[in-house]
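These notes concern the structure reproduced below.
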Amino acid sequence: MADAQTNAAPTTRRGTFVSLEGIDGCGKSTQVALLADRLEAAGHEVVRLREPGGTAISEKIRKILLDPANGAMADECELLLYEASRAQLVREVIAPALARGAVVVCDRYLDSTYAYQAGGRGLDAALVTRCNELGSCGVVPDRTLVLDLCCEDALARATAGGADRLEQEGMRFQERVRAAYLRLAKAEPERVRVVDAVGTVEDVAARVDAALRGVVATPLGRGDAGAAHE
């Protein structure tokens, strides 16, 4: 698998890749949108994406993955669909954007697969990691922010307007996912930072920008902002 990753590596990278992660309902998607706006205001070319999705093929896979009617989906099938969606997104959008110097801001990426499939589903962590190497084509974010919120509050937010297939998994599933994210942050403290998602949207945005210092310049990140756990 290591050889496959090396052979698949895309072209030279000049841009910056940031991903935002967290359990369902943590406020991640809101912060992705706000961050993209701030980066554009600071003069960056920004490519805002979501996973699964971001290309015509990947969006079709997204519909399959999130459809509540697909409750019989095998865990291994789910894993491979996520990786297929990701590989298409990397090849078609992410790698070209990074090659031309853009800032890519992605709502979920390979760490979601580790947290949900290894943590939530209980698939072998080493297997999921190897699949992530292939699905990502060797492209790893420069900085990953995990927005951390207690599972009870997050799940209430996520399911307020109806639940998709993964949101229907319930509290214990989300607790396992959250624990997996926190393990990732401990294992990769330079790349993965935990951001407290409690508070107003503005409070969390300030913490997001603080956690991106040294990676990409944002208006809020140039001054003092709230803390991220390193």
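Just so it is clear, glycine is given a Cβ too, placed from its N, Cα and C backbone atoms.
Curation plays no part in TrEMBL annotations; they are all automatic predictions.
Here's what TrEMBL has on this protein:
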BINDING   Gly22, Ile23, Asp24, Gly25, Cys26, Gly27, Lys28, Ser29  ATP binding site
DOMAIN    20-206  domain 'Thymidylate kinase-like'
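A map of TrEMBL features onto the structure.
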| residue | record | Cβ within 10 Å |
| --- | --- | --- |
| Gly22 | ATP binding site | 27 |
| Ile23 | ATP binding site | 30 |
| Asp24 | ATP binding site | 20 |
| Gly25 | ATP binding site | 22 |
| Cys26 | ATP binding site | 29 |
| Gly27 | ATP binding site | 22 |
| Lys28 | ATP binding site | 27 |
| Ser29 | ATP binding site | 15 |
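Listed in sequence order, the residues Leu147, Leu149, Ala154, Arg157, Ala158, Ala197 complete the 8 Å Cβ shell around the ATP site centroid, once Gly22, Ile23, Asp24, Gly25, Cys26, Gly27, Lys28, Ser29 themselves are left out. Asp24 (ATP binding site) falls within neither a helix nor a strand when secondary structure is assigned with DSSP, and so counts as coil.
For the domain 'Thymidylate kinase-like' (20-206), the model's pLDDT averages out at 95.
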